[in-house]
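Here the structure comes first, spelled out in structure tokens, and everything after it is commentary.
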Amino acid sequence: MSLQLSGVLSALATPFTADDDIDVTMLRAVVDRNIDGGVDGVVACGSTGEFAAMTGAERRLVVETVIDQTAGRVPVVAQTGAVSTREAIALSQHAQDAGASALMVVAPYYEALTLDETVSYLRTVADSVDLPIMLYNLPDATGVNLDPDTVGALARDVDNIEFIKDTSADMAQAGKLIHRHGDVISTFVGWDSLGLMAMSEGAAGVMAGTANVFPAHLTSIHRALKSGDLERARKEWDHLYPLVDAIMSAPFIAAVKCAVNATGFPIGKPRLPLHEVDADTAARITRLVHELL
């Protein structure tokens, strides 16, 4: 594999101004906050980053800003999937030219494709660039599940398909990816509440929106596991899990931003049409954040 990518990748939340524009200054601060917290990589325009609510120009701006601010400190993964193959290729080629380390590609997420159509789309996008590709399996949004054997066959056939983010919430599926096809593709689990389980099972890492809240907590757990200290990792995970569970049990993007705000970092609100979490949920998340401060 051409890119060594492992550990905790933070799916960066995107801040917006009061006028609903990308807040470039605050986005730079988000990048620094995550890197200072020890994450092993950052992800621009992932689901937590609200890419689906952005124009193509805004997605390009976010990718450029994240790459510039990261300045080579950690790898940058740019999510470049789109509802058309043409747009996905354009975004992918832009991210490559801007200096991304790898591209994450979600399948079109409005009109559900067949599995064959999805595979064809992924092949075509991967063939349009030279960068390593991370498949993004998000069946709740796309209507298509990339099963382990399909993923393994793709990775064996397309040289630059090297990673997968599996957000199926199915640890059995992740296990098959890890153990059947780990020789050709590295698995990142994207269902945050499965973090410890995934890393213990042998996943290359996790890609977590909740890393925006307390990046150092997740990276500490990963490093404990890497050093063989399962007891410490379990203890730290037990401490963090109630907050992760609260965020996962609420509208996710709004809950992540609520939690980040509760730490004292003013990341703001999600972009409309998403609303902020309700008062009871905000109170619960805020209480759990304060218990970890």
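We number each residue from 1, going along the chain as drawn.
Cβ atoms here come from the backbone N, Cα and C positions, even for glycine.
As the structure is a computational prediction, the values presented were derived from the model and not from experiment.
TrEMBL has this to say about the protein:
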| type | residues | note |
| --- | --- | --- |
| SITE | Ser47 | site 'Part of a proton relay during catalysis' |
| BINDING | Thr48, Met207 | pyruvate binding site |
| SITE | Tyr110 | site 'Part of a proton relay during catalysis' |
| ACT_SITE | Tyr136 | active site, proton donor/acceptor |
| ACT_SITE | Lys165 | active site, schiff-base intermediate with substrate |
Rounded Cα-Cα span from the residue listed as 'active site, schiff-base intermediate with substrate' to Met207 (pyruvate binding site), Å: 7
Candidates Ser47, Thr48, Tyr110, Lys165 (recorded positions) - the one closest to Tyr136 (active site, proton donor/acceptor) by CA: Lys165
Site of maximum Cβ density within 10 Å, from recorded positions Ser47, Thr48: Thr48
Candidate nearest Tyr110 (site 'Part of a proton relay during catalysis') in space, where candidates are the recorded positions Ser47, Thr48, Lys165 and distance is Cα-Cα: Ser47
Distance [Cα-Cα, Å, rounded] between Ser47 (site 'Part of a proton relay during catalysis') and the residue listed as 'active site, schiff-base intermediate with substrate': 12
Which same-chain residues, if any, lie at least 6 apart from the residue listed as 'active site, schiff-base intermediate with substrate' yet have Cβ under 8 Å of it: Met104, Met134, Leu135, Tyr136, Asn137, Phe188, Val189, Gly190, Met207
Tyr136 (active site, proton donor/acceptor), number of other Cβ atoms within 10 Å: 30
